[in-house]
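Input: a single structure, listed below in structure tokens.
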Amino acid sequence: MKKSIYIFSDGEIKRKDNTLYFETEDGRKYIPVENTQEILIFGEVTINKRLLEFLTESEIIMHFFNYYGYYVGSFYPREHLNSGYMILKQAEHYLDHKKRIILATKFVSGAIENIKRVLIYYANRGKPLNETVDRINSIARSIEDCESTEELMAVEGNIRDEYYQAFDIILDSEHFVFETRTKRPPKNRLNALISFANSLVYTTCLSEIYHTHLDPRIGYLHTTNFRRFTLNLDVAEIFKPIIADRVIFNLVNKGIIKSQHFEKKLDGIVLNDKGKQLLIQQMDERLRSTIQHKRLGRHVSYRQLIRLELYKIQKHLMEEEEYKPFQTGW
Amino acid sequence: MKVILVYDINEKRVAKVLKICRKYLHWVQNSVFEGEISEAKLVKLKMELKKIINENEDSVIIYTFRSAWYTNRETMGVKKGGEELII
């Protein structure tokens, strides 16, 4: 399994002896290029064009985050898997309203299904969550009648409201209360965790899309517009509850993350470097942990699950097999 | 697959071998590398090394573990290199 590299220190990263070399004031380190999947940069890092050329050659995607941990963008190397056919198919499914709604509905229903699984998982561990599940079920009934992606997003939003309210029951911690969902900037610690974890899921999905024939700019639930990647946001919806949220619950319930890992900034609250690193560590472990895949009959990591999901979408676009969103089994 | 690679190479070629190993594995200390690597990449690494080394003078030993579960790693003294993913 290729590894993801996370850089927090300030320094210079460059190509040296046909591999990656990171130099800081107090040390230097070679990063094995053949074993690197993606690089996430949080620190103040100097790069040059030679490095970007080398990353393209090695098919390594580089994501950048600003001082506060917000995603700022990616170096998305020239497509190495180019397929005009797939782009046409993607556009066809986007432009045909009926086809687009079908896919968008699947992303929402997949997300809801996994949200319910998370709630049921904690309900089985004695948390009083059955009412929330019932309420979500009753809202979820209306997704089949949605005629536009805006309506779908609204239904999903309502379900997420219910779901986030349940965070307080699952966590039961005075230092981490949910209140309401706030972004840009997050107003409390839990919101800061959710925002940061979600942005990591988005970049992971983007990295996986890079290794398929799909074009990340054409999404279905999230409207394709002039500024950014949207397909990764669609796919992330399905995985956010089972990857990001479960990691957050673990961090808080096991007392790994504490109030000293946050700081007040930008009129809100953000994670400090130590906090980010703790979350990244758990997230990385989560993505590498494996589950038994029913259909394939072998162990598959969560990261590979995302890739498999993309292959299923490709099959759907080629009209070979109807897409069925992944549902966790636990 | 977990791999530990150690080598003893004639001075003339040691720098070349060092550079090849750096592409695939994490440097731990002089002449020692370790890391997680796929089987295919290990074959590639071995082929690259084969081209460089002189089989009458040099020696490379590669230990492979299917999983790192039953191993234990202890460092004494100075920590020189390592496998951190968060730098």
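We count from 1, first residue shown onward.
Cβ coordinates come from backbone N, Cα and C, glycine included.
The feature Mn(2+) binding site is assigned by TrEMBL to A:E156, A:H222, A:E237. Around the Cβ of A:E237 (Mn(2+) binding site), a 10 Å sphere holds 23 further Cβ atoms from the protein chains shown.
Look at A:E237 (Mn(2+) binding site): DSSP puts it in a helix.
Secondary structure from DSSP puts A:E156 (Mn(2+) binding site) in a helix.
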